[in-house]
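Database features, via TrEMBL:
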{"type": "TRANSMEM", "residues": "6-25", "note": "transmembrane segment"}
{"type": "TRANSMEM", "residues": "37-56", "note": "transmembrane segment"}
{"type": "TRANSMEM", "residues": "68-91", "note": "transmembrane segment"}
{"type": "TRANSMEM", "residues": "103-122", "note": "transmembrane segment"}
{"type": "TRANSMEM", "residues": "128-148", "note": "transmembrane segment"}
{"type": "TRANSMEM", "residues": "169-195", "note": "transmembrane segment"}
{"type": "TRANSMEM", "residues": "226-247", "note": "transmembrane segment"}
{"type": "TRANSMEM", "residues": "253-275", "note": "transmembrane segment"}
{"type": "TRANSMEM", "residues": "287-306", "note": "transmembrane segment"}
Amino acid sequence: MKNLILSFNVVAPLCLVMALGYFLKYIKILDKNSVKVMNNATFKVFLPTLLFYNIYTTDLGSVFDPKLMIFAAISIIVLFGVLFLFIPIIEKDNSKRGVMIQGIFRSNFVLFGIPVATSLVGEGKVGTTALLIGVIVPLFNFLAVVCLETFRGGSINIKKIIRGIVTNPLIIGAFLGLLLLILNIKLPVFIVSTIKDISKMATPLSLTLLGASFSFSNIKKYLRETIIVVIGKLIITPLIFILISYYCGFRGVSLLSLMIMFASPTAISSFQMAIQMDGDSDLASQIVVFTSAFSIVTVFCWIFILKELALI
């Protein structure tokens with residue numbers, strides 16, 4: 001029961017803020033144009049700032065596990081490669097292909113990682129998770145740009161893909177955070193405080209806009225695609241990679257961090273990225289909403305199983 005309450009307390013606030021966004025649209029405080037403008041600002045300013053801050057403030061020397069970092073990166077790349085080959089076989093619409101691929105491999109690690117790890121192991125032992133976020137989130141964003149650019153406009157343009165990657169605000173924010181962290185460049189306190197305050201706007205605003213973009217009329221339209229992604233994201237992917245992680249010898253906080261990475265719902269920023277890069281944003285919205293909702297049950301199950309087996 002304790003683990004169920006924990007999972008619920010992590011996910012429920014996200015769902016409530018999304019519900020607020022839907023309500024604000026329903027009572028006409030938000031409309032389609034205002035949501036579009038604010039989504040643009042969120043994608044280009046607030047989310048990159050959040051990524052920069054999370055990475056920049058990571059304590060690089062606290063817990064550094066090269067084996068964990070390499071394993072996590074290789075796992076994500078392998079998963080991405082499999083999806084990149086498999087999804088086009090079952091989905092013929094290019095605007096949906098990239099959205100479905102990122103919907104399965106790209107986790108809401110920024111919002112889920114630290115809260116879940118802190119609740120389970122305490123604040124003093126979350127350095128591993130924080131550092132993993134700093135490594136994996138830029139990889140998530142890089143691969144998301146690759147798949148969305150690849151299926152953008154119906155043709156593959158290498159120059160366009162590279163240009164889309166190097167100019168993507170999320171990747172720029174993550175890269176700058178990593179650069180300053182690795183070079184140990186310390187920004188003035190007032191600048192860090194300002195960046196922190198700006199970054200705090202990213203999550204609630206992203207969730208609100210996501211809720212405002214949600215349409216119940218799209219449930220039937222995207223039912224097949226949503227079911228595929230929800231099952232792939234919350235059940236199949238965690239099952240396969242948690243087992244691989246176990247047999248590779250990961251236990252405790254390391255296994256917990258990997259579990260969160262694989263089992264978390266789809267990243268909220270995938271919705272903004274789909275809008276900006278001509279993906280099917282309505283499908284992206286459905287995927288984020290439903291993976292977030294069902295993860296209340298699935299994340300609880302993964303935590304319960306690993307705790308019962310004394311692996312975390």
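Each residue, glycine too, has its Cβ placed from N, Cα and C.
Caution: TrEMBL annotation is automatic and unverified by curators.
Worth saying up front: this structure is predicted, and the values here are computed from it rather than measured.
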Non-local residues, at least 6 beyond the ends, that sit with Cβ under 8 Å of the transmembrane segment (6-25): 31, 35, 111-112, 115-116, 119-120, 204, 207-214, 265, 289, 292-293, 295-297, 299-300, 303
Seg_contact(the transmembrane segment (226-247), the transmembrane segment (287-306)) with at least 3 CB pairs under 8 angstroms, min sep 6: yes
Surrounding residues of the transmembrane segment (169-195) on its own chain - C-beta under 8 Å, 6+ positions past either end: 43-45, 47-58, 60, 134, 137-138, 141-142, 145, 269, 273
Which of 68-91, 103-122, 128-148, 287-306 contacts the transmembrane segment (37-56) most, counting Cβ pairs under 8 Å: 128-148
Contact call for the transmembrane segment (128-148) against the transmembrane segment (287-306), three or more Cβ pairs under 8 Å: no
Range from 68-91, 103-122, 287-306 with most C-beta pairs under 8 A to the transmembrane segment (253-275): 103-122
